[in-house]
């Protein structure tokens, strides 16, 4: 049990608390700051960034680049606030390993159990559903490249994507994903480079359409479109698992998360702005829900087939890693509930429940992804109801409550104003995303055979 006790002791100021199976087996504290950087990059830089040109088309150049930049600055700041709070409690010998632990210790038990915990689990599980769906869409696109008149349906490819996840989900701990997430970092750079190069190539080609950067629609439609775009951008920068990632770092943790965030945001800035700006420049207000859809016109590719193949293979593999990261909170809850921390992690008594319940969670996610293949609307809803509260509001509250800065200080009012601003934006974005679902409801079909 000695390895597990290191979770709770940073410098021995308080006696260690016994760890439950979820913390002991899933959130092992063995990683370096480099491993932390891999986890962070995988959790943030995902195929969701391919929606950024569409978000810019709803805002225009000035507002789009402004919100893209502001959200990068705010999330980097808020993730560092979370890290500082976590480091503070670790130095007191009360290391917090989960988002709900932070809410429970800082705001009270009800906040962790009834608000933060459910929001995080719902957000992460929703991201897994979206990841399995994107994987299926990429596989279907690869299939259609070789068989343009193929008859296989999207739900069949979603099932194939789910089968891969069924195998990968058995990887025992978050720390065990470090090598996969290093590969994921390379893959995200690769598919972003492909998407950027594809946009620039098409934008310069002789067949390129006339570029129009005006925002479509009347005043009401522009307002709701802008709110929807803000929600998409928030989702794209969102993380939702910062405490769980920091929990994988071997003690002492001080300063390591900041180094990991610096590496992560070097990748974030490179990929987000290149994909968003090149895609919007090439397609203007005709940018679609994912920029890869603009690479086809009347089901004919505008780029060589090998570029489409390469981009979709990279996307499929990388989104599988993203889904694995966002399965960790669910895995941790299942491990805590059904595993016995007093015996070995790989004892039959612990392996069998892990195999059954993790597989069951993936089967449910795959079924929902196949039934409800509407990623664009899901993306906006996740941002409004999950990422905005966890990444743009709670870090400021946690910091102010933990450190109690003077009410005359800049940091107190800065945090307070950011929390209020994003609470208002989150509420408006939630209304906008629900409105969009209502508008699109007549196009929804269970197991619909739609493409990216």
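The backbone N, Cα and C atoms fix where each Cβ goes, and this holds for glycine too.
According to TrEMBL, the protein has these features:
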- 30-438: domain 'Amino acid transporter transmembrane' (DOMAIN)
- 65-90: transmembrane segment (TRANSMEM)
- 111-134: transmembrane segment (TRANSMEM)
- 154-171: transmembrane segment (TRANSMEM)
- 183-203: transmembrane segment (TRANSMEM)
- 223-242: transmembrane segment (TRANSMEM)
- 263-283: transmembrane segment (TRANSMEM)
- 303-327: transmembrane segment (TRANSMEM)
- 355-375: transmembrane segment (TRANSMEM)
- 381-403: transmembrane segment (TRANSMEM)
- 410-431: transmembrane segment (TRANSMEM)
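The recorded stretches the transmembrane segment (154-171) and the transmembrane segment (65-90) do not share 3+ CB pairs below 8 A when only pairs 6 or more apart in sequence are counted, and are therefore not in contact.
Long-range contacts of the transmembrane segment (111-134) within the same chain: residues 46-48, 99-105, 158, 161-162, 165, 240-241, 315-316, 319-320, 322-323, 326-330, 333, 361-362, 365-366, 368-370, 372-373, 375, 378-379, 381-382, 385-387, 389-390, 394, each at least 6 residues beyond the stretch ends and with a Cβ under 8 Å from a Cβ of the stretch.
Counted as Cβ pairs under 8 Å, contacts with the transmembrane segment (381-403) are highest for 223-242 among 65-90, 223-242, 263-283, 355-375.
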